[in-house]
Amino acid sequence: MMQPDSRKSPEEILFEAATRNDKDTVEKLLENPLGHIDWGDLAGCTALYRSCERGFTEVAKILIDKGARLDAVAKSGNNPVWIAAANGRIGILRLLCDAGVKTSDASFRHHFDGRSPANVAVQIGQDEALDLLLKSSRSVSDALVPDNSGWSPIYYACQRGHLNVLRKLLVFGADPNQSSPLSTLVNCNCLTENFAAKDKNFQSPEDDRWSPLRVAAYYGRISAVQVLLDHGANLFSTSHSATSILQAAALTGRLETVRLLLDKINEKYRDDVELLARIVSPAVFVSGSFCHADVFRACLAACPDRSLILSELSSYDASVADKLELILQKHSQETTRSTFNQSKKKTPLHDSLNKAGFLSRRAAVQAVLSEALELLLWNRLCEQNQQKKIYVVGSYAEGWGCSVTCLNGSVDVDSDIDVTTVLPRKIFHIKDICKCSNEKRQNGEVVDYNNGHVTSSGFARNPSLPYGGCSLRPAVDKVDAFLCCCYPQLRIFEPGYTSQLSHDVLKGLDDIRQSFPCHVVPAELPACQSQAGSSGSHLRLSTTFFERYLLQNLTTVQGQVYVTLKYLVKRVLSIKVSGLKSYHVKTIIFYMLEEVPKKDWKPEAVRQLAQQGLQRLLDCLRERRESENECMKHFFLTDTFVYLKRNHSERHLIEEAVQDLLLDQHLDAALHQLICQLKPCSSLLHFHPNILHPILSNNTLPDRPNCLLEDYEVYDAVSKLLLVLSDAECNKDVLEPCWCTLRNFPKCARTTSHCLTVLTYMMFGMIEEAKAAVRESLHWTVSKGVPCSDDIEVSPESILTQLLSTDSVYKFGFRLDRRPTLHFLPEPVRQWFPVGISYYMHRHQYYVNFHALLRCLTLHLLGHEMDKDTALEWFREVADCAESDAQELLMVLKFCTDGELLVELIHNHRVSVCEQQETLLEAVKMFSHLELRRVSILKTMGHVQADLQQEGVGT
């Protein structure tokens, strides 16, 4: 128990004690009634709220027993019940339910957006929390009410692909055939309007109504589609429902989902070829418009009566019949030949991965980028708490695997950046292993160790804070860790250990043991997950620093095998079964490094080695285990297992899926799919720290009126200025300190500072000043990333030096309580800047590319005065750059009038366009013009024809 600060009120002391899980202090303070047990901090959060948020069950029980309000609303709109559901605090929810709380009551919904606790549990994928919430509700229908935007829990489950949650909702009676208008999703009736004009029997889908099946198809959640169909979802509920569901999947390019839907549709209507054609034909044109070539080919092949398609396409191009014949010939051969095996190259997979940047040199630079990010975080963190230590770990820091399509510094949507914060606290001493003095042991906590875990009370079971991401900003998983005095026995340091790992690598691992802190993170053993009262009793010993070192030292071929295995597990096997995770792949590659001789890691052996890794996974699954959850032995910890994910598929189903993938035909098809999804890399690695860090609360800027801001202070300054500019009541007196801040921006944020200056002029109607400012920046360029070549040595310090010396800080991700609406901007620019990227807990996340915004402002302000060649150069730059983001794409879609360039933009960036609702909506509007749609579909057919010729078909 800490000594209370006499300068603070008892209510403040109670709040702080609850926040740090100090049960003894809380109990002592509540022995006598306090004046206000529901005292809140600046965010309006009470002591009970904080204990529920962090999973401190014992403290929460004391507060509830003493009468703390359960429905006290914080400024963010959350309440204690809601935040416990959002964080999956099972012990807290069980406590609340046992106390008789009806969690479906309206008072426990989010104050602003109307999401119920059950709704947010579904969004986060907390199936166990959902189970408790549904059972404690007055009625299931009350718990499953839609939020203010019309989204009910089943829609969120389908959007996110949370299968266990979806199954639970269906078991509790959620309607798989409900229908609701969801204005946030994009409709595409305008792309098939010609059918309605030419064929009186054609029925256009009612695009304003969305079923769960259609939502799942739209987001490509093929497993969710199958679960819905298995539970009675009707693909054919109306004459046009199959059309709209297939069209949704085709619009967003979801090939596997399209194939599943085509099988179901063909099975139903194979004897009615005319109706089948009406259902499938719109998907042909939708996918063709967006250059989803594989979807285009699949839909075309599934349509037995192509007269409707030929009639439409022939008006585009008289030679279309010959092109269609070539495409269909390819489909007739797909079942009898493997494109992967037919390649004339000796090393097709290795060569393709090389072009996508999966090289040891680039991986090494990627790892250095993570060190630079770590330095920035340490600098920023020192302003908040110098006792904490923060580390960037996981695939981003390891150099390989944060993207399975291109090694260019980007992070895939289904990956994340792992950040571990080692907190100042008493040190754990492992019983029978620790060699510390009695004095040190008395100042710490002696703990039992078993199966890779230590036992201690008072920790939340799932401590990580997952900040959701998207194509604009990667997801971040932030976890708190606690120090151990030493590591237990590690396999690689046991006497007599032999392996293919080199002496230098083993020495490096030993240096890691001496240099980096042994730490544990709160995590529950799977065997204990269903036991009441066990929450927070275990902490898992982490070997993340050893893992990071081993992966950073992979050769090019070893790294490519690792990436290939990761792709097969995450993108192929996960569609069929749940339970496998990236850590299984990591463990397999470690064992392969230990066993496979150096001479066998050859470019021509990438496929064979990947197959060998899959075989090892299958062997692990087939071994008899004491628990169904155990998958394989941990590589570093001798007594520890690596487990399957919670609520995994039945073990025999996972075995069957891996065995099926090991068949040569299926493996070759999956590897060909990987090759098709790989993206060519540039000479740069992208590095924008302000969209990579775990979004922290804003710091107070120091009072240095005549000094430049430090690089790590720019984020706080921009966030503050953005909120000021979004205040419609703001006056020039309020803005005066902002001018001072803008003058103090460092060189690395030149474009950002200039854009904020233009926004300030526009806010106060100073249009001529704004025009003069944008003219000044017409020919400015920004830094796109860090050069990566063999003759340039990089270090964290050199990367930060480059950042500071170039205009590189212009992309930002913010976590704010409200959207900063820049009311003085024209539509639709006002809607696009900032763009919402995800919602987590009580705060929205927003993204702004100030370079793109400055160009939008320039094009808007100058209008016809804008130099056309300069504008065209900007548009071409975005179309040609493989990494252009959504706001850059929106800039071109809004201001470019060159039809062919717009079509090229969509074709080059179809994946990015379809990932963000704003870009997809603008693209659909663009293709409402028949001529542009015609150009795009013919361009798609040209791509298909070129692909077929390259594959040796029809030539």
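Just so you know, glycine gets a Cβ as well, placed from its N, Cα and C.
TrEMBL: automatically predicted annotations, no manual curation.
What TrEMBL records for 564-639 is domain 'Mab-21-like HhH/H2TH-like'. As annotated by TrEMBL, repeat 'ANK' applies to 43-75, 149-181, 208-240.
Tertiary neighbourhood of the repeat 'ANK' (149-181): same-chain residues 113, 116, 118-119, 121-123, 125-127, 130-131, 134, 140, 143, 208-213, 215-216, 219, 221, 223-224, 227-228, 231-234, 237, 578, 647, selected by CB-CB distance under 8 Å and a gap of 6+ residues from either end. Within the chain, the repeat 'ANK' (208-240) has long-range Cβ neighbours (under 8 A, six or more residues past its boundaries) at 154-155, 157-161, 163, 166-167, 170, 176-183, 185, 187, 246, 248-249, 251-254, 256-257, 260-261, 264-265, 268, 575-576, 578. In terms of DSSP secondary structure, the domain 'Mab-21-like HhH/H2TH-like' (564-639) contains 50 helix, 5 strand, 21 coil. Mean pLDDT for the repeat 'ANK' (208-240) in this predicted model: 89.
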